[in-house]
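Colleague: TrEMBL lists these features:
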- 5-120: domain 'Response regulatory' (DOMAIN)
- 161-375: domain 'Histidine kinase' (DOMAIN)
- D55: 4-aspartylphosphate (MOD_RES)
Amino acid sequence: MSKIRVLVVEDEPIVAEDIASRLERMGYEVVDVVESGEAAISAAAATKPDLALMDIVLEGEMDGIQAAEHLKENYGIPIVYLTANADETTLQRAKATVPFGYILKPFKEKELKVTIEIAISRHQADLEVQRALQKVQALAVPQDSPENAEANGPQSQYLMMAVHELRTPLSIVKVSASLLRERGEDMAAPERNRNLAYIENAVSSMNDLLEDVLMFSKFNHTCATLAPEPIDLKEFCESLITALRWSLGEQYVVNFSARGDCRSVAADPKLLWHLINNLLSNAVKYSPQASTVSLEVECTDRTVTIRVIDQGIGIPLEDQDQLFEPFHRARNVGSIAGTGLGLAIVKHCVDLHNGQISFISTPGEGTTFTVTLPR
């Protein structure tokens, strides 16, 4: 296995030499040591490193953050910041470049090694996901098809979002699996089980996202069809909630109630799963931990009503008209991860069942979604 090749950008010669020595001692190959942003760009172009360790305060007109932005945009090189400067303004500027790590001096070798390994794993995960999703995109819409010009825009947008969303769970799987491989025999049972749970939860998140990829592709090319069959809706919802609780952990509470005879509801099980799972997942995602999310179903002779109630951040009035549009995300979601596709998929599932969906939401208090399907 080839060594990981690292570019060191540090303007203090003694510190730079020490970092290079530590890296080589840990088994990395140092491709160059430079002391300015301009030199970093030249060295990156010449050596194509796997990773750059970047000090922020550098000699010359270009600081480390500007150099990092150039390396990322032009060469796709992952950046780990290594600096003594940790003021809030600097942190915010550094975050804007989406670094793969940030270590404060003085540092320990173990801390540096773990950060580098995680950064490389995340970067490799990004590349793998990009390649996989590009294949999905190519298969979904052949380049010479008449739909290509119309569909390529939203598919490209979704490709970028999906890559971003898959980065975190893939990184968790890689890092947790690596820890189990290297230290599993020495781990205490709680730590080992915790890492296994990380992997299971991450795989569940990736599975849900990939299911949405396939479903969105079908809706986008009008090839989704309704295949109804008799469903015991109460048992169906209980199974779905059990799976959701398993993936989310015990810190979330999902209450369920069913009224009426729900034993033989005609619905497409795959579409119904997407419908309810997306509503519940959103309710949990945008609610504080330990708050209660409720799923209520009511079955009559004529209709089936599905209601999801949360105590979360709510939906601003300005976003409510666009809520079911693909890729739209409310302005108050902050750093909460998401693609903006969940509710668009829900709306398609409802429409295919000739149903209706409505919601009531108060920012800061919560949201209730109500789905009514004909029976």
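Cβ coordinates are placed from backbone N, Cα and C, and glycine is handled just like the others.
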Colleague: Around the Cβ of the residue listed as '4-aspartylphosphate', how many other Cβ atoms lie within 10 Å? Please give the count over every shown protein chain.
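Modeller: The answer is 25 other Cβ atoms.
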Colleague: How many of the residues that make up the domain 'Response regulatory' (5-120) does DSSP mark as helix, as strand and as coil?
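Modeller: Summed over the domain 'Response regulatory' (5-120), the classes give 57 helix, 26 strand, 33 coil.
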Colleague: Across the whole of the domain 'Response regulatory' (5-120), what does the mean pLDDT come to? Round it, please.
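Modeller: 89, rounded to a whole number.
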